[in-house]
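**Q** Take a look at the following structure, please.
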Amino acid sequence: MKTSESTDRFGGVAGETTNRTVLLLAHTGRPAALRSARLVHESLTRAGVTVRMLASEIEAIRKTGARMQPVEVVEPGADAAAGTELIMVLGGDGTLLRAAELARPAGAPLLGVNLGHVGFLAEAERDDLSDTVRCVVERDYSVEERMTIDVAVYNGGRTSAAPAVRTWALNEATAEKVESGRMLEVVLEIDGRPLSRWGCDGVVCATPTGSTAHAFSGGGPIVWPSVEALLVVPLSAHALFARPLVVAPDAVIALEVLPETTDGVLWCDGRRRVELPAGARVEISRSKTPVRLARLQQAPFTNRLVAKFALPVAGWRGRAAERDSG
């Protein structure tokens, strides 16, 4: 526990609040998130930290009849998090992925408080809210970087000089079929060489962070965040060779939607949609711009898996020292 005069992990003084700004985001569809946002806002303001919020979220809180203390109002966009030291997110993984769109351009770390279901990206739970606010005020947290991927869509396949769309993803980019009664026909390419053709429901291209999301539901492996790799997971592929693949982190993955197939659609983190007409080409590669996550504790990733997925570990004995340390 730090005192008000202790040095924080960023070289400042814990409790020092001069010119400090935190962007606060909440899931406006959850009453609990709106109540928590109001309490967090009041606590940070009392501590001398400027709170910035989106205009739409302030309006959602006011519609509940709650009165708001002074707050810095911004609109969503690339500059929403500019100049902030942290983005505090109240909600589930979907809310955190929305917040990542604001955090990535500014390089601001995300600190998630889970008010959803699994909340795999969140660092704290609802019952930890008061202590989480204290950690923010005292700068009692560390920051880790998570790999993201750049995504380029060429509507003319290899003949396109420039991509029709450029976007990115923290978890995954997923090419999916549009028509329920027809398969999407694609060819997978790794580093400029064709690997396999699949008739499938779709293909997930994921980061290690995304290995516990859509890729996991499709039968892909869980990859520790410290492992540098990219994943390719075919969904319900009608092929003998249709296994999840783990490829080098600097590999260039390409999916070509065959001209004779139905149109598809590309989803990035389940939020950004891009149409994939027949003949389109999707190229996916490691991005130079990571997303930063704030961590309150240095618990092993194994512990997070056990807690979030409620994995059965009863009967484990291990070494005596390991049992004693929990």
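Quick reminder: no glycine exception, Cβ is built from N, Cα and C everywhere.
Pulled these from Swiss-Prot:
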type: ACT_SITE; residues: Asp93; note: active site, proton acceptor
type: BINDING; residues: Asp93, Gly94, Arg98, Asn171, Glu172, Arg182, Asp201, Thr212, Ala213, His214, Ala215, Phe216, Ser217; note: NAD(+) binding site
**Q** Just the number: how many Å between the Cα atoms of Ala213 (NAD(+) binding site) and Asp93 (active site, proton acceptor)?
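**A** If we compare the Cα positions of Ala213 (NAD(+) binding site) and Asp93 (active site, proton acceptor), the gap is 10 Å.
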**Q** For Arg98 (NAD(+) binding site), write down the residues of its own chain that are at least 6 apart in sequence and whose Cβ falls under 8 Å from its Cβ; none is a fine answer.
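**A** Spatial neighbours, sequence-distant, of Arg98 (NAD(+) binding site): Leu25, Arg271.
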**Q** Work through the recorded positions one by one (Asp93, Glu172, Asp201) and point out the residue whose CB has the fewest other CB atoms within 10 angstroms.
**A** Asp201
**Q** Measure from the Cβ of Ser217 (NAD(+) binding site) and count the other Cβ atoms within 10 Å, all protein chains considered.
**A** 11
**Q** May I ask for the distance between Glu172 (NAD(+) binding site) and the residue listed as 'active site, proton acceptor', taken between their Cα atoms and rounded to an integer number of Å?
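**A** Rounded to the nearest whole number, the Cα-Cα distance is 13 Å.
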**Q** When you look at Asp93, Gly94, Arg98, Asn171, Glu172, Arg182, Asp201, Thr212, Ala213, His214, Ala215, Phe216, Ser217, which the record names as binding NAD(+), what is the longest CA to CA distance in angstrom?
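**A** Greatest Cα-Cα span of the listed binding residues: 31 Å.
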**Q** Might you list, by sequence position, any residue in that chain lying six or more from Ala215 (NAD(+) binding site) with a Cβ less than 8 Å away from its Cβ?
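**A** Counting only residues 6 or more apart in sequence, the Cβ neighbours of Ala215 (NAD(+) binding site) under 8 Å are Glu172, Val204, Ala206, Leu231, Val233, Pro244.
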**Q** Could you measure between Asp201 (NAD(+) binding site) and the residue listed as 'active site, proton acceptor' for me? Cα positions, answer in whole angstrom.
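**A** Cα-Cα distance, Asp201 (NAD(+) binding site) to the residue listed as 'active site, proton acceptor': 24 Å.
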**Q** If I take the alpha carbons of Asp93 (active site, proton acceptor) and Ser217 (NAD(+) binding site), what is the distance between them in whole Å?
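**A** Pair distance, Cα basis, whole Å: 15 Å.
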